[in-house]
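Beneath this line is the structure, given in structure tokens, with notes to follow.
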Amino acid sequence: MSKTPTVIHWFRLDLRIHDNLALRNAINEAENRKHLLRPIYFLDPNIKDKVGINRLRFLLQSLEDLDNNLKKLNTCLYVLRGKAVDLLPKLFDDWQVKYLTCQVDIDPEFVQQDEYIEDIAEKKGVFINKRVQHTVYDVHKVLRENNGAVPLTYQKFLSLVKSINVKEPIEISNVLSSHCKPIDIQSENYSIPNLKELQIDEETLAPVKYHGGETEALKRLNLYMSKKEWVCKFEKPNSSPNSIEPSTTVLSPYISHGCLSAKLFYYKLKEVENGRQHTLPPVSLMGQLMWREFYYTAGTGVANFDKMVGNAICIQIPWTKNDAFLKAWAEGKTGYPFVDAIMRQLKQEGWIHHLARHMVACFLTRGDLWISWEEGAKIFEDYLLDYDWSLNAGNWMWLSASAFFYKYFRVYSPVAFGQKTDKEGVYIKKYVPELKKYPRE
């Protein structure tokens, strides 16, 4: 048991140092009270059964990078094997915890978890300080601006946030005093596991295309923000869903894990756009960020947002169940080359262009196979590096014409759509190599 009281910062979807107000609050509290600081992360030992392998690798890389950046502040990351609800009550006692900071989470599973933990914390005299830092806006404030009602159109959402002030991102640079550093700080009991420890053979994985972590996120952000003309002219519908190298920023995995602050991205975009002629939402880069905020707001305000049953905004469509078709779609073996190439890229690399997601989601649901969007959402949850609870559910409802979008008759052709931007079939031949020798038609 620790003799000196402890301040905890609980990392969740904020795997970064920059613009991390909850972390700064924890550091200040530890310094002012001369308490120990322990930044922690809970890793479920069964995570490989819940998270796709590519996303798990990205997460572990992000934790390694976070640990390295914390060491520059004279502290490090404590990775605890287990679930927060099981471990935190004991840690409160063992570490004499007096103060805990973390980010606000809207995923219903974690909202319920937090209520349980907050109840225990109150009984044990632990003060919890939660900060909104995974979104640009406080989505609960957006809902209050609309008298508690969920804005169900993008334009309505934009009108609500127009008057909401966005505070500037913060930086943390102060090195932690030695008296705040626990003696067990280098203990291997808290080390970051590797894939082998989690019984995953790394040789079975495709080479890393997008390396996880805050360092890579900031490097990528700076690279794209330096292309000012490209940013100002960006229009999502005009980017290519089947280029070999991404035609967009691929910042989404970094934002979804919290390696990159959405608010920092917002401010960097504002800097580039300021005084320049630029494209506008919904097609601009700022527009893409606002789509994320829109779905986060809807996900917060709509009960059972990721389900058909009990979801007030979701049309109850009588989808068919066909396990063989679903399996073929998930494995990229439908016989439609463009669809198969997209799904194979997703499975191998963990990322596909947004319009490619539109294509395969439409194909699975209202366009061709008539299989429930819930089934597709589960596959995307497994495959995507940038999986995000509210965005995943919201986009699948939109693309299946179950909510938000109702022009169900407007579908993507699984043949013609891909031919528009890949007339030579280079993309298909890369990801469906058995068609390499076939002519382009």
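Cβ atoms are placed via backbone N, Cα and C, with glycine included.
Note that TrEMBL annotation is computational and uncurated.
These come from TrEMBL:
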DOMAIN    5-136  domain 'Photolyase/cryptochrome alpha/beta'
BINDING   248-252, 288-295, 386-388  FAD binding site
SITE      TRP319  site 'Electron transfer via tryptophanyl radical'
SITE      TRP373  site 'Electron transfer via tryptophanyl radical'
SITE      TRP396  site 'Electron transfer via tryptophanyl radical'
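Features recorded in TrEMBL, as mapped to the structure shown.
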residue : record                                            : CB count, 10 Å
THR248  : FAD binding site                                  : 19
VAL250  : FAD binding site                                  : 17
SER252  : FAD binding site                                  : 22
LEU289  : FAD binding site                                  : 21
TRP291  : FAD binding site                                  : 19
TYR295  : FAD binding site                                  : 25
TRP319  : site 'Electron transfer via tryptophanyl radical' : 19
TRP373  : site 'Electron transfer via tryptophanyl radical' : 26
TYR387  : FAD binding site                                  : 20
TRP396  : site 'Electron transfer via tryptophanyl radical' : 24
In three-state DSSP terms, the structure that TRP396 (site 'Electron transfer via tryptophanyl radical') belongs to: helix
Local confidence of the domain 'Photolyase/cryptochrome alpha/beta' (5-136) - pLDDT mean: 96
CB within-chain contacts under 8 A for GLU293 (FAD binding site), separation at least 6: THR135, VAL136, TYR137, VAL139, VAL142, PHE157, VAL161, ALA262
Nearest-integer angstrom distance between the alpha carbons (Cα) of TRP373 (site 'Electron transfer via tryptophanyl radical') and LEU289 (FAD binding site): 23
Minimum Cα separation from TRP319 (site 'Electron transfer via tryptophanyl radical'), reported as the residue among recorded positions VAL250, TYR387, TRP396 that achieves it: TRP396
Inter-residue Cα distance where the pair is TRP396 (site 'Electron transfer via tryptophanyl radical') and VAL250 (FAD binding site), in Å: 20
In three-state DSSP terms, the structure that VAL250 (FAD binding site) belongs to: coil
Rounded to the nearest Å - Cα separation of TYR387 (FAD binding site) and TRP396 (site 'Electron transfer via tryptophanyl radical'): 12
